[in-house]
Structure formats: C-alpha cells, structure tokens
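Everything below concerns the one structure shown next.
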Amino acid sequence: MAVAEVVYVDWRGNAVDERRHGGIRATIFLYGKALEVSKLHGTVVLFMLRSCPSSSNSSIVAYLHGTLHLDIVTSSTLTSYVAGAVLISAALMNFISDAYIKRTTAIFVFSPCVVLGYMLLALQAQLPSLHPPLCAINKEPNNCKPAQGWNFALLYLSLSMFAVGEGCMRSCIPSLGGDQFSSDDPKKSQLKSTFLIWLKFANSIGAIIGLVFLVWMENNLGWNIGFMMCAVIVLVGLFVAVSGTPFYRIQKPNGSPLTRTLQSCKRLTDKIALTNIEYDMLSQLSSTRMIIGQIVYTIWSTTQIDETRSIIQMLPIFISCLLIYLPFTLLMTLIIQVGSTMDTGAGKIQIRSASLIAIPTIFRMLMQPCYKRVLIPLLGKITGHAQGITPLQSIGVGSACGTAAAFFATLVETKRLNVVEQHELISFGTGVPMSVFWLVIQFFLLSIMDITSFGGLIEFIKSDTPLWMKPIAPTMQSFLAGLAAWSGCAFIQLVNGVTRHSSGGKGWLDGANFNRTRLNRFFLLLAAFELIAFINYTFWARRYTRKQQRISSVESDEDGIEM
C-alpha cells in the first residue's frame, strides 16, 4: 500500500522556506511550551523553558490520600485511570494530528484543557466546601471523611480535562519538534535525533526540579497554590509556543492510515465482484492482454493479502503486551503509596511522600543513556544484532523485570508488615521504622521495564508492520499501554471485591491504612499474573519468530531458483 506524501507548510499554508522555517530556532519555542507540570508532579522554574515531566501520574496519590482522604483502592484506581486517560488521549491526538488536523492546531486547541484542569483542582483544594474537612489521615485513618458526591465528580472532571491536554502535548510536541528537521538532509536528520534525546533528558530534569518545588509548596503554601502555579506556567508555555508559530514547519494532514486500509479493502472487494462481470469481456480480449491483466491483479491482491496476514499474525503479540503492561501502573502507584508509611529520612533530609516519584524518574534518566550507549553495544557484540537485542527480546526483558519487581515488592511488603506487627503500629497509618530505600530495587526494575518493554513494542511495530503502519507505531503502543492501565482499575477492584467476600467481609486492600492491609498478597498476585503473562508472551513471540524465519527461508529459496 502506498504511503501518502508528506508535505510541509508554514502557518499560513504556504510552502516552507528552509532558511526561515524549522531548525533549532523553532524548537526553542517548543522547549518553552513544555513548561507544564505533567501528571501533577509540580512545576519548574521559568528560566528552564524546557519540556517538563512526562513520566508517571503516581505522585497524585499524595493529594488523593492526604487531602481528599480517599482509600487505597479508590486512590489507586483514580491514578490508574489518569495514567490510562493520558495514554489513550496521546494515542488519539497522535492519530488525529497526523490524519485530520495540524499538530499546531491540536496543541493550541487541546492544551488549554490542562490549564482548566489545574484551575479546577486548585479551586477544589482552596474552597472548604469542595473537599473534606482537614484530618491527619496517617495518624487517624479511620476518622477521616473521604470526598464524595459532587466533590468526587469535580475531581473526575478536573483529572479528565488534565488528561486530554496532557495527552495532546505528550504526543504532539515531540512530533512537531521532529518536523522541524528534514529527514532528507543527513545533518538535519542527526539534529532531529539530538533534539529528541535532549527532549527526554529535559523531561527528567524538569520532573526532578518540579518535585522539589512541589514539596516546598505543599509544606509552605498548600496544594491550592501549587496547582494554580502549575496552571500559570502552562499558560506561559502556551504563549511562548504561539509566539514561535511563524517559524514552524508544519506537516499537512495526509489522511488516516486506517481509512486508506479500509478503502483498499473495499477496492479489493469491488475488484473481486467485478471479476465475474468482466470475465466474458476478458475472454474476448487477446490471450496476451488477459494474461498481463491477471498477473497485475494477482500481484496487487497478493500484496494486500500479505499485509493483512502480517497484521493478523501480530495480534497475539499485541494482546500479550496488553497483559504484560497491566501490573505496571498498579505496582508503581502502590509502591509509592506504601513508601509514605516508611522512614523517609536520608541523614538530616526528610523525603516527603510526594517526592518518592523522583526515585524512578532519576532511574529512568540514568538508564536511558546507559541502555543505549553501554548495554546495547555490549549486547550487540554478543548477539550480532545491530540493536543489541531484537524488539521482541526487549519486550521479554521488560516483562521479566516486571515479574522480578513484583516479587521483590512482595518480600519487602512482608518484611514491612512484620515490622508493623512487632512495633504494634497496626492502628497507625505511618511511622514504620523501616527505610524507604528498601523500595529502590523495585523502582530500578520498573524503570528497566519502562524503557525496554514499552520501547520494544514501538520498535517491533516499526520493523515488522507494513510501510503504511510504521508512522502510527507510537499511537498503537500508547493505546495498548493506556488500555492496560484502565484494565488495572478493574483488576484491583475485582481482587478487593473477591477477597472481601472470601475473608469475612474485609478485602486485602480495604480502608486507608496500609498497616491493616494484605498488600503483600496483592503484590504476590501481581507477580504471578506478570509471570503468566511473560510465559504467554514467550510462547507467541517464539511462534511468530519461527513463522517469520520460515517465510524468509521460502523467499530465499525462491530467489535462488530464479537466479
């Protein structure tokens, strides 16, 4: 199937002038645009003017638990919902901005939703009538009234608006930045790779600074000021981005790959239907012309069938990845929440619960260059593969790390609950004399999973799908990851409901006090789930690889015969 030609224009729709449009100058405005504090991390100082956090939603649980007094299951479900909504929104925005509207239009139309979401959250944190009465939930977890009714509906609305805008920026800003460099020019193509590398690095740096600033505001000014500051910075970033509009190279929408696929299928069906009608006419033609027409038609039909078959063969891989991704958000969210009950001291420094997300953020920032510059070349020498390991192997490594992370989480949580029992802290929600750095190994393994399995699926789609599907690889990966996060919402609710009925009316994760839960059992269940998902994935990945090897072998034999 032919891929639509990519055309770049300026903001007026005229042909671009390479001397004026695109390049490093245009990306400066995009760094300024991404001043926002994604996933409720916090904020960054204005002088950075760079892309800020694009990592995890998990730090929002500090607000849900501490201010809105939501129980463990509800806060974890909401966090997974936000994570999934951001990813699904990113997939939809990536699809829409490629097919129907310009990326700049998508950014300027949908990004203000982040501002509105933050403003609603600030309003809820400010007005006493919109949130529960103040209460020390860690000291008196059973005496705190949770948010409900209209207050809970307002929270959902705020988070949904935030997710729509954040998803748009997550997908469109890197793509728009990449559009500023021509792929036809090797030097500019290299600049594009450099831009994307620095964009990821800036995201991590901004996340860390934002977390520090957020903690300071939480302790000294309150969540209302923190959310409002985030809204102001996003707004400033939007104005910076708008000011760079005259310098952007903007890709014109070239239609949906899915639409082109359906059109081709319809043309194929129509062709088959017309074959019977035109058979008599063809029989009247000369034998030579008829043979040529049949050959052309056979080649065209075979191409369509081969593309369809290749996609069908990938479906088990996609479904297996969905199962692999499911525990990720739940593990990250629950580990961060339970960390708030532990000793967060590092010498004289106290690490607030909202800042625990900085640990996996730092790991991701350090692992990204190490993985690409150290591990991949080392594995390449061993395996002989240009990328060190194949995309399918990369996904498998991520799943194995996810399994190990869940098992380690089970062991650490079992130890934590033993310490709680020894010190008679069951009635309290905090103060467990056990260092939060026991959680480092889980964060480390989850960071590897984030890099390998998520990135591996994108590389797999780009390397094995038909040409017309390669541009939508990030969209498909984001959609699967978002769907997995939403499935996690149902999973935790289901498990807690089933254990409630089988354990005398008390589920494993009931209430707001982690010291009264059986979180170790839930972590063990996640470990078993991830292990089964890994075994299932290994089966389908090996089967897919063997099929591809057989196809390559047949094609090689045919080429040899022709020669």
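Glycine is no exception: its Cβ is also placed from the backbone N, Cα and C atoms.
Residues or ranges marked as transmembrane segment by TrEMBL: 78-96 (among others).
For 108-127 (among others), the entry in TrEMBL reads transmembrane segment.
Sequence annotations record features per position, and here TrEMBL assigns transmembrane segment to 147-165 (among others). Within the chain carrying the transmembrane segment (147-165), a Cβ under 8 angstroms from the stretch's Cβ atoms is held by residues 40, 60, 68-70, 78, 81-82, 85-86, 89, 110-118, 120-121, 124, 130-132, all 6 or more beyond its ends.
Annotated transmembrane segment per TrEMBL: 195-217 (among others), in sequence order.
Here TrEMBL flags 223-242 (among others) as transmembrane segment.
Marked as transmembrane segment by TrEMBL: 315-337 (among others). Residues 56-59, 61, 65, 72, 75-76, 79-80, 83-84, 353, 356-357, 360, 392, 395, 398-399, 402, 405-406, 409, 439, 442-443, 446, 449-450, 453-454, 457, 460, 476, 480-481, 483-485, 487-488, 491-492, 514, 519, 522-523, 526, 529-530, 532-534, 536-537, 540-541, 543-544 of the same chain lie 6 or more positions beyond the ends of the transmembrane segment (315-337) yet place their CB under 8 Å from a CB of it.
What TrEMBL lists as transmembrane segment is 388-412 (among others).
TrEMBL lists 432-458 (among others) with the feature transmembrane segment. Counting only same-chain residues 6+ beyond the ends of the transmembrane segment (432-458), those with a CB under 8 A from a CB of the stretch are 321, 324-325, 328, 331-332, 335, 338-339, 341-346, 351, 356, 359-360, 363-364, 367-368, 371, 391-395, 397-399, 401-402, 404-405, 408-409, 412, 415-416, 419-420, 423, 425, 473-474, 476-477, 480-481, 515.
Below 8 angstroms of C-beta separation, residues 73, 76-77, 80-81, 83-91, 318, 321-330, 454, 457, 507-510, 518, 521-522, 525 of the same chain, each at least six residues beyond the ends of the transmembrane segment (479-499), sit close to that stretch. Look at TrEMBL and you will find 479-499 (among others) tagged as transmembrane segment.
According to TrEMBL, the transmembrane segment annotation covers 519-540 (among others).
Long-range contacts of the transmembrane segment (388-412) within the same chain, counting only residues at least 6 positions beyond its ends with a Cβ under 8 Å from a Cβ of the stretch, are 317, 321, 324, 327-328, 331, 334-335, 375-380, 438-439, 441-442, 445-446, 448-457, 459-460, 463-464, 520, 523-524, 526-527, 530-531, 533-534, 537-538, 541, 544-545.
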